[in-house]
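*Asks:* One structure follows; several queries about it will come next.
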There are 2 protein chains.
Amino acid sequence: MNKIKASGKWALVSMATALLVACGGSEEPESTAKVEQKVETIEWKMVTTWPKNAPGMGTGAQVLADNIKEMSNGRLDIKVYAAGELVPALEVFDAVSRGTAQMGHGTAYYWKGKVSAAQFFSTVPFGLNAQEFNAWIAEGGGLALWEEIYAPFNLIPMVAGNAGVQMGGWFNKEINSLADFQGLKIRMPGLGGEVLEKVGASSINLPVSEVFTALQTGTIDATEWVGPYNDLAFGLYKAAKYYYYPGWHEPGSAVEAIFNKDAFDALPKDLKAIVRSAVQQANLAMLNEFTARNNAALQTLVNEHNVMLKPFPQDLLIALKQASYEVLEEIAANDPQSRKVYDSLKSFLGSVSEWHDVSERAFINARALE
Amino acid sequence: MNKIKASGKWALVSMATALLVACGGSEEPESTAKVEQKVETIEWKMVTTWPKNAPGMGTGAQVLADNIKEMSNGRLDIKVYAAGELVPALEVFDAVSRGTAQMGHGTAYYWKGKVSAAQFFSTVPFGLNAQEFNAWIAEGGGLALWEEIYAPFNLIPMVAGNAGVQMGGWFNKEINSLADFQGLKIRMPGLGGEVLEKVGASSINLPVSEVFTALQTGTIDATEWVGPYNDLAFGLYKAAKYYYYPGWHEPGSAVEAIFNKDAFDALPKDLKAIVRSAVQQANLAMLNEFTARNNAALQTLVNEHNVMLKPFPQDLLIALKQASYEVLEEIAANDPQSRKVYDSLKSFLGSVSEWHDVSERAFINARALE
């Protein structure tokens with residue numbers, strides 16, 4: 001599956017050390033002769049689900065490729081394709097599975113039609129935040145399950161980034177109770193959309209290109225997007241005035257890197273280790289970027305664009321939480337793989353929540369005391 | 001500064017490609033001749049401030065060395081020394097500065113006697129949690145300042161781990177108000193200890209070997225340590241019954257890797273990139289480990305050892321928070337470098353707190369709603 005670059009890469013290697021090539025006659029080989037040695041360059045394609053240079057995600061994919069190239073001294077050279085350049089966003093999984101590309105970069109819930117349990121590896125409503133998700137994957141059995149469900153597709157998954165807790169979305173009216181929320185038409189794909197239906201709102205699916213106009217004209221009452229960093233760039237503040245928090249539906253949206261198993265297995269041991277390390281470096285770097293940049297964008301939205309920043313009312317959050325756990329249980333009930341993955345996630349969530357209640361949560365609340 | 005292994009490491013390189021060495025006569029060089037090419041192995045020493053195999057920290061240093069060796073295919077081979085094996089814990093900074101070791105692994109507040117501003121790069125009371133600290137370092141100007149203050153010592157710093165929010169400590173009586181806290185003798189080193197003095201408690205410094213007995217016999221009334229994962233191993237539940245939270249004094253204890261600048265600069269570009277990536281991988285891995293394991297240890301403490309888990313009272317937390325900011329301002333007032341670093345940290349804290357109030361904090365509180 002790995003494509004070895006035909007033209008090769010040539011490195012000058014000093015051959016002052018013993019040459020086993022015997023040369024007869026009166027001409028001694030020059031003791032400091034330079035010998036051109038062919039270093040194999042492996043060329044990979046990385047297909048992504050992101051628009052070209054999408055902040056955080058698209059740029060993160062390119063940085064990941066650059067880091068792997070630098071660490072491998074050019075031996076693993078990965079060309080990054082934005083969504084649609086080589087294959088459309090929603091064909092990334094298949095393209096890597098069959099080896100059209102050796103690597104993909106996206107998020108797991110896109111593949112729920114092929115493998116239902118995949119959606120637990122993006123983020124789930126009222127689930128794990130970024131720190132907790134990373135710990136579940138690395139230390140709580142998450143990675144083994146993820147590998148297990150992708151194995152039939154000849155794919156190896158890794159966590160390649162996280163956007164942190166997202167925002168609750170843009171609304172064109174104030175929400176003061178669960179009742180205000182009921183009947184609203186909200187653009188929210190994925191699990192969050194299923195939860196909406198359970199509490200009496202409507203989940204609307206729209207192509208990205210139509211979201212802005214639909215919100216502006218009142219065809220929809222609200223839309224979720226990402227967080228301030230991306231939402232500011234998208235200009236949603238021009239279409240709706242109220243910006244609600246928290247993003248209960250996506251508390252730690254994980255980005256995945258997927259690898260064609262044959263291509264990955266064919267790498268020498270050092271390149272495998274380099275890829276694994278670079279992906280984890282990218283995971284941390286993306287969260288750093290979102291953590292640092294969301295606030296600046298939030299300030300711009302509030303101070304320059306007069307966005308009204310509002311918390312969801314408590315009765316609504318309680319209803320959404322109950323509905324979320326119902327939706328997750330229903331998915332788990334539908335196939336044994338989802339059951340297994342959700343049970344693992346739920347068990348980790350229960351245990352890490354207890355710890356974080358007395359550590360992260362207690363601290364961040366103490367810090368906010370006046 | 002890098003020690004090139006004298007005996008070398010020999011790799012067989014296929015030389016089927018063109019040899020520039022001209023060989024005359026009737027004997028053609030064998031086209032598939034193997035040529036032994038010497039691969040330089042760089043040997044480094046990593047001195048650490050941790051006891052041998054200390055959970056999380058000491059084990060993390062070894063994993064970091066192993067990963068670098070694997071990624072570099074053995075070209076960078078780092079031997080890890082526990083505290084006291086090559087130099088004592090508190091001489092790590094000097095040993096790496098002068099090149100006795102090429103690399104160190106510890107935490108920055110140990111070096112405050114040499115460079116006061118270093119203590120801002122471990123953790124500060126009521127400061128940044130792990131996610132926020134990483135973002136400040138990577139995206140908020142923290143790293144440039146850290147590099148600047150270590151440069152006169154010929155050292156390059158990087159974040160190599162984080163233990164997350166710690167626990168508030170072990171107390172031999174219940175604390176129901178600020179008044180209950182005043183007059184207590186508490187073993188708490190560092191900035192936390194200075195804060196204690198400001199609210200009317202006494203900060204006691206004791207060697208680690210004396211902490212357990214001092215708490216058991218009532219020579220001290222309380223001690224902080226790390227979190228459940230480490231505290232359980234240390235057996236502190238046998239000496240005091242009340243386990244308070246949150247660890248206001250250490251909300252995201254960062255581990256640092258330091259490098260002798262000459263040694264690091266002498267690395268080829270690919271090895272530099274490998275080291276940087278491996279350190280970030282280690283940073284994430286350590287937080288994963290603490291996040292996942294603290295809860296299991298907490299359950300053991302509460303359920304098997306009947307530890308009483310208690311939140312600090314609100315009036316005490318408010319007093320500690322005010323005193324913390326006074327202590328930090330005093331340090332900043334004492335030298336221009338500390339002023340510069342603290343201003344950067346404070347500015348980032350203000351901005352990231354506003355964002356996390358509506359994201360991480362709002363979410364984690366919403367998740368806890370019944």
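In case you wondered, yes, glycine gets a Cβ from its N, Cα and C as well.
Here's the feature list from TrEMBL:
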- B:Q166, B:R187, B:E224, B:E250: substrate binding site (BINDING)
- B:W225: Na(+) binding site (BINDING)
- B:1-21: signal peptide (SIGNAL)
*Asks:* Using the centroid of the Cβ atoms of B:Q166, B:R187, B:E224, B:E250 as reference, list every other same-chain residue with Cβ within 8 Å of it (recorded substrate site), in sequence order.
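*Replies:* Sorted by sequence, the hits are B:M167, B:G168, B:G169, B:M188, B:G192, B:T223, B:W225, B:V226, B:G247, B:H249.
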*Asks:* Long-range same-chain neighbours of B:E224 (substrate binding site), Cβ under 8 Å, sequence gap at least 6?
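*Replies:* Once residues fewer than 6 apart are set aside, B:E224 (substrate binding site) is near B:Q166, B:M167, B:G168, B:G169, B:W170, B:I186, B:R187, B:M188, B:G192, B:G247, B:H249, B:E250.
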*Asks:* What number of additional C-beta atoms lies within 10 angstroms of the C-beta atom of the residue listed as 'Na(+) binding site'?
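*Replies:* Total other Cβ atoms inside 10 Å, all chains included: 20.
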*Asks:* Considering each pair of residues in B:Q166, B:R187, B:E224, B:E250, all listed as binding substrate, report the largest CA to CA distance in Å, no decimals.
*Replies:* 15
*Asks:* Reduced to three states, what secondary structure does DSSP give B:R187 (substrate binding site)?
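*Replies:* The residue in question, B:R187 (substrate binding site), is strand (DSSP, three-state).
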